[in-house]
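**Q** Just passing along the structure, written as structure tokens.
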Amino acid sequence: MTPSSKRQKREEYRKTHKDSAKTELPKKKFYRQRAHANPFSDHQLTYPASPAQMDWSSYYPSFIDPNAKNNSKGQSKPLTKPVTIADIGCGFGGLLVALSPLLPEELILGLEIRTQVTEYVQDRISALRSQHTSSLTLSTQQTPKKPVSIPPLATSEPNNTKEYVIYPKDGHNEPQLAATEAYINRITNVDNIMSYRDVGNALLQWSTHLAEAQLEELRRLDGIEEIQENVQAWKPCRHFETASIPPSTHLEPTTGMETVDSSNMALVPGSYQNISVLRANTMKFLPNFFARGQLSTIFLCFPDPHFKARKRKARIVSSTLCAEYAYVMKPGGCVYTITDVEELGEWMRERFETFGKGGGGAGLFERVEIPEEGMEGEWDTRDAEEGRVGRLVRCIREETEEGKKVTRNGGTKFVSVWRRRGDPVWPDED
């Protein structure tokens with residue numbers, strides 16, 4: 001096959017995939033591009049003159065503020081919350097997809113300079129959103145009043161799994177419930193886990209079969225309060241009080257089957273509405289997208305090492321760029337870096353460690369303790385901040401495409417986390 005025919009085949013696939021609004025995930029082979037792009041070239045990029053002029057409504061349509069005043073034509077629609085997490089050089093979006101259910105309350109943005117890779121991530125997110133219809137849409141659908149019987153799970157489940165009941169933290173928090181259920185689906189490879197709701201449509205529990213490894217994975221989620229083994233299949237949720245059980249709900253003592261009025265429950269799939277991607281040259285235009293102190297987390301995962309000395313000016317971490325990261329990062333926010341190149345890991349460590357130390361100051365970034373590989377789950381027992389660090393470190397080690405490749409090849413991952421200190425006091429201030 002000639003290069004021109006390959007290019008034509010890729011273009012036809014991408015066009016067909018967009019036009020048909022397919023729910024199947026896009027295939028990487030039709031979005032291939034050179035591994036690197038020159039950040040100093042004049043790419044054809046669209047960027048706002050200032051963060052206030054950035055219109056995020058097309059990137060996060062589910063988070064458009066419904067109470068905002070009607071804007072005149074050409075004005076942007078405000079969101080209910082700002083973007084607070086940036087994955088710089090997001091690649092094919094593996095980290096974005098993993099973060100969506102882990103951090104359902106935060107808006108996450110991937111920034112990628114390569115055209116076709118950005119297009120792939122856009123199509124991937126669009127497909128995931130189509131697969132997991134918005135929970136708000138499902139909860140407002142009309143459902144038949146006829147009671148439906150929910151049988152126990154099939155007896156053909158693998159012998160190494162057990163049935164568990166999973167209790168959410170907040171049964172009314174629809175975005176978090178949607179993201180958590182999507183994550184459960186992904187971990188269990190099951191898209192029809194059973195969920196139970198009360199008369200007020202609050203989620204009471206999920207029920208599914210889990211292996212031991214899947215169980216440990218789910219225990220790390222913020223949106224889950226408790227997981228219990230369900231010894232008696234389909235027993236009533238522990239949150240049910242006798243007075244609150246709707247009249248249409250009862251247990252058949254001979255079969256253990258629970259009969260529930262379908263109008264009192266709804267399945268809430270994940271939505272992936274809190275992640276998006278845009279094509280941008282971060283080295284040039286980062287402050288055009290984010291205001292001072294807007295971001296709480298920045299990820300720099302497996303950046304181009306640029307081994308040649310004359311190319312090191314193109315590295316994504318430098319003294320100049322540390323100033324921009326410090327500008328858009330709020331005090332207390334963290335920068336997560338990971339690479340499989342030890343020399344690049346040392347380079348990034350030196351830049352963050354020494355930035356802002358002029359005049360004997362402490363610098364604007366301090367290094368954060370991180371768990372050893374494989375021990376991240378133990379940090380969930382610590383305070384909230386350390387638990388978050390443990391979960392995010394596990395994500396960049398295990399969920400990124402490059403991280404998985406390094407694991408397959410038996411390589412070493414060099415991870416560091418840097419917390420933004422508060423601005424130093426000026427000499428003439430008390």
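Every residue, even glycine, has its Cβ placed from backbone N, Cα and C.
Pulled these features from TrEMBL for this protein:
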REGION    1-26  region 'Disordered'
COMPBIAS  9-26  compositional bias 'Basic and acidic residues'
BINDING   Gly89, Glu112, Ile113, Asn281, Thr282, Cys301, Thr400, Glu401, Glu402  S-adenosyl-L-methionine binding site
REGION    132-155  region 'Disordered'
COMPBIAS  132-143  compositional bias 'Low complexity'
ACT_SITE  Asp304  active site
**Q** Other Cβ atoms within 10 Å is the metric here; tell me which of the binding-site residues Thr282, Thr400 scores highest.
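**A** The residue with the most neighbouring Cβ atoms within 10 Å is Thr400.
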**Q** I'd like to confirm something. Which of the binding-site residues, Gly89, Ile113, Thr282, Thr400, Glu402, has a Cα closest to the Cα of Asp304 (active site)?
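**A** Going through Gly89, Ile113, Thr282, Thr400, Glu402 one by one, the Cα closest to that of Asp304 (active site) is Gly89.
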**Q** Give me the largest Cα to Cα distance among Gly89, Glu112, Ile113, Asn281, Thr282, Cys301, Thr400, Glu401, Glu402, the residues the record lists as binding S-adenosyl-L-methionine, in Å as a whole number.
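**A** Value for the max Cα separation, rounded to a whole number: 21 Å.
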**Q** Have a look at the recorded positions (Ile113, Asp304, Glu402) and report the one with the fewest Cβ neighbours inside 10 Å.
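**A** Each of the recorded positions Ile113, Asp304, Glu402 was scored; lowest Cβ tally within 10 Å is Asp304.
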**Q** Neighbour count, 10 Å Cβ-Cβ cut-off, for Gly89 (S-adenosyl-L-methionine binding site): what number do you get?
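**A** Other Cβ atoms found within 10 Å: 18.
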